[in-house]
Amino acid sequence: MLNEQLRRVLQQMPKAELHIHIEGSLEPELIFALAERNGVKLAYGSVEELRAAYAFTDLQSFLDIYYAGASVLLKEQDFYDMTAAYLKRAEEDNVRHTEIFFDPQTHTHRGVAMDVIINGIYRACQDSPVSATLILCFLRHLSEEDAIVTLEAALPYRDKFIGVGLDSSEVGNPPEKFARVFARCRELGLHLVAHAGEEGPPAYIYTALDTLKVERIDHGVRCLEDPALTERLAREQMALTVCPLSNIKLCVFDKMEQHNILDLLNANIVATVNSDDPAYFGGYMNDNFIATFEALPLGLSHAQRLARNSFAAAFLPAAQKQQYLDEVDAFFAKV
Ligand code: ADE
Ligand code: ZN
């Protein structure tokens, strides 16, 4: 059991979230409320029935339900309400800064316009006391041509997002499939990230780094299968945005006791803790920290390191980053 002091520290320490899919923050209650508001028919009869379907065997079994849940989002206010609800939970967990993924193709393919998506999410970010920026993710199960069309549609709103990412079904859709669109995003000065090494092999982490030239790896937990890659990630201080509860729910590890986040830290990798899709995986940021610290021999020094890593790996101006790091150190000096 976690001692009370450590639990309080995990809850109260300032932290950044760097891996959250905003569509994955849609709670079943909000899905049903939006379905009713928009006259969308769902395949599930009640909140309980929907929640009961959240028994995943792998990434794809989750994605099928996640895309169905997102079908209730039609109007700008829907995107606003979803994002505002997430930011309120983040604030309660003492998240000071968050970099939010959104999947425009999930919506544009249903006829929702890009401005509706981006303006709704962005406006909620502006109205929150939590510092929040946006990262547009391309769906890797779709073609690179579709990603290019999506990028072009988003460029009129270039000032409203800071980077691009790559998500959805990993195995069979390697990073190099998106070499051209990422090269274009790089020219545009966008930050670059990609999911790699969640279910996919270490080879995908290599191509995310060398072909896409990403600045962070989302998940990346399979890097430990390759000692040379592990050593490289540590040497380059390439951050991994690890999502412990997600990894358990999607059966990347059988049990939290088997999660490798402590091994990553011991290998000197800049690992961070994140929620991924909190409405689907049983918890927001502090739930992730608590579940991880309950299962593994992690203590105060690890908590401080993880809080520092979250800001060190954030896409923030140097002065602002330093301010957050000082805030973490001041917090731990009083513990
Ligand atoms: N989209 C939402 N959550 C995801 C995850 N964990 N992996 C890949 N794509 C996702
Ligand atoms: Zn993810």
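One is the number of the first residue shown, and numbering goes on along the chain from there.
Using N, Cα and C of the backbone, Cβ positions are placed for all residues, glycine too.
If you look up TrEMBL, you'll see 14-330 marked as domain 'Adenosine deaminase'.
Taking the Cβ of HIS19 (Zn(2+) binding site) as reference, residues of its chain lying under 8 Å away and at least six apart in sequence are, in sequence order, PHE101, ASP218, HIS219, THR241, VAL242, CYS243, THR272, ASN274, SER275, ASP276. What TrEMBL lists as Zn(2+) binding site is HIS19, HIS21, HIS195, ASP276.
For GLU198, the entry in TrEMBL reads active site, proton donor. Counting every protein chain shown, 23 other Cβ atoms lie within 10 Å of the Cβ of GLU198 (active site, proton donor).
Annotation source TrEMBL lists site 'Important for catalytic activity' at HIS219. Under DSSP, HIS219 (site 'Important for catalytic activity') is assigned to a strand (E or B) in the three-state scheme.
According to TrEMBL, the substrate binding site annotation covers ASP277. Long-range C-beta contacts of ASP277 (substrate binding site), restricted to its own chain and to partners at least six residues apart, with a cutoff below 8 Å, comprise ILE20, HIS21, GLU23, GLY24, SER25, PHE62, TYR66, SER246.
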Zn(2+) site, defined by HIS19, HIS21, HIS195, ASP276: further same-chain residues with Cβ within 8 Å of the Cβ centre: ILE20, GLY24, PHE101, ASP167, ASP218, HIS219, THR241, CYS243, SER246, ASN274, ASP277
PLDDT averaged over every residue in the domain 'Adenosine deaminase' (14-330): 98
Cβ-Cβ distance under 8 Å to HIS195 (Zn(2+) binding site), same chain, at least six residues away: ARG140, GLY165, LEU166, ASP167, GLU170, ASP218, HIS219
Cβ atoms near HIS21 (Zn(2+) binding site) (within 10 Å, other residues, all chains): 29
Candidate with sparsest Cβ neighbourhood (10 Å radius) among HIS219, ASP276, the listed recorded positions: HIS219
Entries of HIS19, HIS195, HIS219, ASP277 (recorded positions) sitting next to ligand 1, with Cβ under 6 Å as the cut-off: HIS195, ASP277
Structural state of GLU198 (active site, proton donor), classified by DSSP into three states: coil
